[in-house]
């Protein structure tokens, strides 16, 4: 065994203070295997040591929540004996180093988190952030990431139904790749990770262990340096065909009564899976490392425990079920090996070559791992540090039609068809909607459908992390409501920079506070998630810290998919209404919000102003009203108003439906305020029968919840243009960015 020097400790990402804690926990010096295990289990990626204190404050419970944070994925009851199981995970650092494999294995990992719990995956989604398109590496990164996501998801046979892709200079040196999977299971056939039953066999299944991905979790818990190419060996290599076999083999075994517990080997591989299973079961674990299936000669216990080779699972089986399970995995041409047993010691003991090479108490590895309450500053101090001030000289729009064309052609609003065409969105034959406010997939064999949305506005989060956190949750809620779904629960991926900087820690704490307030008001609990910190880069040409990016994945249920709503204009002559805060019906121009708007940035080159506030009461009430209008058949199209404001929402509806609209500006607002302000809590709806709508609204006026929601007639569906611009020109502008960028 190698000598443990201060340099070796530092190379494992451990501080001298943390090493002292290890010495105290063991009562001796660790060997290299033990040091490696501590290093990955105490990494930010596995231990959440900088965020755990604050994550505990999030709302995680509701009558329909079956399992919240702490397991492989969140589980919610969707009725009729079915559960939705879902989670979002990051694969940021690997995707910058090796974009295809980084993104592909991100998809593979999140798929395993979901089917580990007994669900058949039914939909994938993603949230991607890239740097400036003109950055010399960015086209390569975009092409690789998109190909990796598509290549893996398509081969496994799970449709990618929604996602978001944004560009900003803050991601020049540190892109974000967040992947989400949703699965469906029977509520009485959900599998958990707690290893119980002393003497029960521990079984390794899937692919063989190689040297790829060693210290991937540690690498994902530090800032980037300039030598990213040297870190390629820490990026895992995925095989989607093996993953497909693994899904089918696991689901087949799950149909029997053989499994006691199951866990995928994700970050930190065999180490984290075994530690988590024993910790959750309040037991111990003994592994015979000689029995671990390896694909390379001479692998050491250190390498086996820290490898992040893909497509592997760890199980605890009932005694006597090994032979039957082995036959199933043999049929699917996958490795199967009994490598250990559950003990009552609450210790991790590893044996190799007839010797004990690791003997660690589980407490210090998991529940007793370091926990940091890192320094923060006040929100007002933060805004002063970030130089956030209100706009005092907001410009107007001299030609809203011309400005709309610029916006629709800009990287952050341009058509994502180039991306979507690389994803198979229809495999499985249950996809009902893509490219709308939310992706929608049928719950196979039922009338129900799941709606899925991914949302976050990082520029809002930078200017005001609290309001940005609220808005991210609220927009996910709006997007689900807009397709006719009842929002049920949230998963998240919290992407932030170095938490040891008080300003960055403030971003994280305030964003979580905003998210928590929004989830409580909207009855929209958080059931799973992931934290990715140290998203900073010293890479040549890169920026420093990313924008705070708490990516939100929302899931809702549509009880009858025939009532699903889409955004496209349908019928000429339908009346168009703007629905939202009542001050839009009784104008108050002082409340129109151009700060941090895309219009101000794209048209005027000004990334300025404050984040638009999110009124959570308005969000809740407007969502309920939209849901009722859809259920009652009173609207033909619904779309939420977000990036780019009202004009962009109308343009997206026109392009989706293939017909224009005649719309009017409220003269009490400037053209910029009316068409491009990004006030929150708003929807655009089209109504075929205004009398029926008015009758429904008149009945609703007695309901206090409708009192703060205004309806304003703004135009009529029809024609072949919008704001003086032809649909043909709008479509060309919208399609131009990716086509021209990728052809160069």
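Glycine is treated like the rest: Cβ placed from N, Cα and C.
Going through 112, 520 against Swiss-Prot, the one listed in the substrate site together with 90, 91, 92, 93, 236, 308, 309, 310, 532 turns out to be 112. Among the candidates 13, 118, 131, 529, the residue that Swiss-Prot annotates alongside 48, 87, 492 as binding ATP is 529. Relative to residue 48 (ATP binding site), the recorded positions with Cα atoms inside 10 Å are 530, the candidates having been 91, 92, 310, 530. Under the DSSP three-state reduction, residue 89 (Mg(2+) 1 binding site) is assigned to strand.
Ranking the recorded positions 45, 87, 89, 529 by the distance of their Cα atoms from the Cα of residue 308 (substrate binding site) places 45 first. For residue 308 (substrate binding site), the number of other Cβ atoms no farther than 10 Å from its own Cβ, over all displayed protein chains, is 32. Counting only the Cα atoms, the space from residue 113 (Mg(2+) 2 binding site) to residue 87 (ATP binding site) is about 8 angstrom.
Taking the mean position of the Cβ atoms of 48, 87, 492, 529 as the ATP site, the remaining residues of that chain whose Cβ falls within 8 Å of it are 55, 69, 88, 89, 491, 493, 494, 526, 528, 530, 531. Only 89, of the binding-site residues 89, 92, 310, have a C-alpha within 10 angstroms of the C-alpha of residue 529 (ATP binding site).
Contacts of residue 310 (substrate binding site) defined by a Cβ separation under 8 A and a same-chain sequence distance of 6+ are given as 105, 108, 109, 207, 212, 213, 236, 237, 238, 239, 242, 243, in order along the sequence.
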